[in-house]
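J.: Sending over a structure as C-alpha cells; questions will come in a sec.
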Amino acid sequence: MSFLPLRSRSRSGAPHWVYIILYHIFTIPKIYSLPLLSGSHVLNSRDVADSGHSVGDEASVTTYYIISIILVLLGGVFAGLTLGLMGQDEVYLKVISTSGSNSEKKLAKRVLDLISRGKHWVLVTLLLSNVITNETLPIVLDRCLGGGWQAVVSSTILIVIFGEIIPQSVCVKYGLQVGAFFCPFVLVLMYLMYPVAYPIATLLDYMLGEDHGTMYKKSGLKTLVTLHRTMGVERLTKDEVTIISAVLDLKAKRVEEIMTPIENVFTMSADTILDDKTVEKIFNSGFSRIPIFLPNEPNNFIGMLLVRVLISYDPDDCLPISHFPLATLPETSPNTSCLNILNYFQEGKAHMCVVSKEPGSSHGAIGVLTLEDVIEELIGEEIVDESDVFVDMHQHIMRQQPGPLSKRHITSYLHHLYTSSHKEHKAADQADESSPLLSPSNSNHPSEHPQQDLNNKSWKQKSNDGYDRSNAVLSPTPQVTEHGTIIPSNLASNPLNVNKSFVTIKKPANVPKIITTHTPHSSKEPSPAPHSNDKSLSAEEQQLLSDHAELSRQAVLHTQRSGQPTQVTTSTKTTRNSPDSISIPNSGANHGNENQNVTISTSYQNTKNGIVESVITVKGVPKTIIGPAKDWDESKSEYGNENINQENSNRSDDRESSSSNASLFSSIKNKFKNENANNNDRSNFTDSLSRTSNYDANGSSSTIKR
C-alpha cells in the first residue's frame with residue numbers, strides 16, 4: 001500500500017487532508033441552516049422538551065387564551081363604537097335630546113357630551129385602539145397555537161366575525177344605546193391616548209373642518225316631511241304634510257299669487273246710500289269687510305266697512321257709507337311676502353289689504369288680500385264660513401247649500417231684531433237701556449251734533465266669547481270723539497284682553513316720544529294764504545323742510561343709540577283734528593276758503609316681523625303702505641351686544657342719515673309739487689299730502705300735510 005498521496009504536499013507545504021477538513025467545517029453550518037433541516041431540528045428540540053414536561057405549562061397557555069378572547073372582544077367594541085358614535089348625526093342627537101322620550105333624552109345627552117369634546121378626537125382614539133388590538137392578537141395566538149399559518153388564519157377569522165361583522169351589525173341598529181353605555185370607557189381612552197390622538201385630531205379639524213351634523217334646505221325639509229307620510233313609526237297624515245310644506249313655501253310666495261283680483265272684489269263708493277236694497281245687497285254678498293273707494297275713483301280706496309257696524313242700523317235712515325266709521329285698509333306691493341303680510345295681520349290693525357302696483361297712489365290697485373286667503377294657502381283648502389256665497393272666489397264656484405240663516409230673510413230679520421230690541425230697552429230699567437244709532441225723527445236729516453243723539457250710558461260685561469270686557473267701557477253703537485269723528489268701540493290700536501290661553505293678540509308698539517317745534521305767527525305777519533296751484537314751495541316751507549331735516553337727523557341718532565322710538569313734528573299751526581283719526585271727505589264741501597296748514601312729521605320705530613308700515617295721504621285720503629324690511633331676519637341682535645362697535649357705527653350713521661334725509665325731503669318736495677298741480681281734478685274734497693313712515697336704525701321717514 002502506497003502512502004504517497006497522503007504524504008504528498010502542496011506547493012505551500014500543507015497536506016491536502018487539512019484542506020478537506022477545513023472545507024467540511026465551514027460547510028456544515030450552511031447545510032443545517034436550510035429551512036427543512038432547521039424546522040426538523042426545532043421540532044426535535046421541542047419533542048425533547050415535551051418529553052420532560054408532557055404538554056407544557058398549562059397555566060401560561062390558558063392565560064394566552066384568555067388574553068386572546070379579551071383582545072377579540074375589545075376589537076369588536078372599538079369597531080362597533082367607531083360606527084355607532086361616528087354614525088350619530090349631531091343634529092339628530094339634539095332633536096332627540098329635546099323631543100324624545102326620557103330614556104332617549106338621557107342617552108342623547110351622554111353621547112352629545114362626549115362628541116362635543118371633539119368628534120375627530122373620538123375617532124382617532126377608537127381607530128388607534130382598534131389597530132393596536134388587531135395587531136396584538138396574532139402575537140398572542142402564536143404562543144397558543146405554535147405559530148405559523150395557524151395563528152394567522154385563526155386571528156383573521158376571529159377579527160372578521162367577532163371584531164367586525166357582529167359588532168357593526170348591532171351598532172347599526174342600537175348605536176345610540178351602545179355608544180351611551182361605553183361613553184365613560186371611551187372618555188378614559190381619550191385621555192390615555194391624548195399625547196398621540198389629540199394632535200392628530202387637531203390637524204384633522206384644521207384640514208377638514210368641524211362637522212356639526214346634517215342641515216337641510218327647505219326643499220330637503222319638504223322631501224323629508226313627505227317621506228314621513230309613508231315611512232317611520234309615527235306617520236304624518238296628508239293634511240299635516242300639506243300644511244308643513246305650505247309653511248315652508250310661505251315666505252317665498254308673493255301676495256300677488258294668492259290675492260283676489262280687483263274685478264272680483266265687492267266694493268262700494270263712499271257716497272252710497274245704505275237703504276233697504278243696498279243693505280240687502282251687502283248681506284247677500286256674504287262678506288264681512290267691504291273696501292270703500294272715493295266717488296268716481298274706483299281704485300282710490302279710503303278704508304273698509306265692517307259689516308258688523310250695521311247690526312244696529314235702521315235702513316230707513318238712508319245714511320251714506322261715509323257716515324259710518326271705516327277701518328284702515330292698508331296697501332302693499334305685489335312682491336310682498338305672504339309671511340310678512342301674515343305678521344302684519346297678527347298685529348290686529350287690519351285683516352285685509354289692497355295689493356297695488358303703486359302703493360299710496362290713487363290708482364294701481366290690482367287685488368285684495370285677506371287673512372282668510374293666507375290661512376287657505378297654509379292649509380291648502382278653501383275655508384267656507386256660514387255667510388260665504390262662493391266656495392272659491394277665483395273660480396266663481398258657488399256653494400250648493402245656503403248658510404244657517406237664509407240670505408233672503410236676513411235684512412228683515414235684522415230689522416225686526418233692531419225694532420224689538422229697541423222696544424225692550426224702552427220697557428227695561430233706565431239704567432240699562434240704550435238708544436238707537438239715530439233718532440227716527442231725524443232719520444232723513446242727521447243731527448249736527450251726533451254725540452247728543454247717542455246715549456251716554458255704558459256698561460261693563462264679560463261675555464262668553466273669550467274677551468275680558470271687565471275693564472273696557474262698551475256701548476251698543478260706535479263712540480264719538482270730541483272732534484266728532486266716529487270710531488269703533490274696540491279699536492285695533494288698543495285690543496281687548498283675551499282669557500283663552502291658546503289665543504294671542506300682538507299688542508301695537510309703544511307711543512313714541514314727541515319732539516315738536518312750532519313756527520308762531522305774530523299779529524303783524526299775514527296768515528297763511530289759501531292753497532294755490534303754485535308748482536314751487538315758498539321760502540317759509542323750504543325753511544321748514546330744512547329745519548325738520550336737521551331735527552330728523554338728530555332723532556335718528558337718538559333712536560340708534562337708545563333704541564327708543566322717536567317722532568319729530570313741525571307745524572305752522574295747531575291742527576284741529578287728531579292725527580290718529582281718519583276723516584272721510586264729504587262731497588260738496590267747500591274747502592277753498594279755509595286756511596291751510598303744513599305739518600311735517602317723521603317717526604322712527606324699530607322694525608318688527610319683517611315689515612315697515614307707512615301712511616300716505618293722497619288727495620285727502622290716508623293710505624297705509626306695508627313693505628318688507630331689508631334683511632330683517634338676519635339682523636336681530638340686541639342693542640346691548642353692540643356696545644364695542646357703537647362709536648364707529650354712530651359716525652357712519654351720521655353720514656348715512658344726512659344723505660338719506662336729503663334724498664327723502666327732495667322726493668317729498670317733488671311729490672308735494674305734483675299734488676299741488678293736480679288739485680283741480682277734485683275741488684270738492686280736502687286737498688292734502690301727507691307721508692309718514694316707520695324706520696329702524698337703517699333709515700327714517702317723514703310726513704307732510706298740506
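From the backbone N, Cα and C atoms, a Cβ is placed for every residue, glycine too.
As annotated in Swiss-Prot:
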type     : residues : note
COMPBIAS : 630-639  : compositional bias 'Basic and acidic residues'
DOMAIN   : 259-320  : domain 'CBS 1'
DOMAIN   : 321-386  : domain 'CBS 2'
MOD_RES  : Ser439   : phosphoserine
MOD_RES  : Ser447   : phosphoserine
MOD_RES  : Ser527   : phosphoserine
MOD_RES  : Ser603   : phosphoserine
MOD_RES  : Thr607   : phosphothreonine
MOD_RES  : Ser614   : phosphoserine
TOPO_DOM : 1-16     : topological domain 'Vacuolar'
TOPO_DOM : 38-65    : topological domain 'Cytoplasmic'
TOPO_DOM : 87-120   : topological domain 'Vacuolar'
TOPO_DOM : 142-145  : topological domain 'Cytoplasmic'
TOPO_DOM : 167-177  : topological domain 'Vacuolar'
TOPO_DOM : 199-706  : topological domain 'Cytoplasmic'
J.: Quick one: average pLDDT across the topological domain 'Vacuolar' (87-120), no decimals.
T.: 88
J.: Hey, which bits of the same chain come close to the topological domain 'Cytoplasmic' (142-145), Cβ under 8 Å, at least six residues off its ends?
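T.: For the topological domain 'Cytoplasmic' (142-145), the far contacts come to 60-61, 64-65, 68, 151, 154.
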J.: Same chain, outside the topological domain 'Vacuolar' (87-120) by at least 6, Cβ under 8 Å from its Cβ: which residues?
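T.: Cβ under 8 Å, 6 or more out: 171-172, 175-177, 179-180, 183, 186-187, 190, 198, 200-202, 204-205, 208, 210-215.
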J.: Using a Cβ-Cβ cut-off of under 8 Å, list the residues of the same chain that are 6+ residues beyond the ends of the topological domain 'Vacuolar' (167-177) and lie near it.
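T.: Same-chain contacts beyond the ends: 76-77, 79-81, 83-85, 87-88, 96, 104, 107-108, 111.
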J.: Report the DSSP secondary-structure composition of the topological domain 'Cytoplasmic' (142-145) as helix, strand and coil residue counts.
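T.: Grouping H, G, I as helix and E, B as strand yields 4 helix, 0 strand, 0 coil.
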J.: Do you know the DSSP helix, strand and coil residue counts for the topological domain 'Vacuolar' (167-177)?
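T.: Its residues fall into 11 helix, 0 strand, 0 coil.
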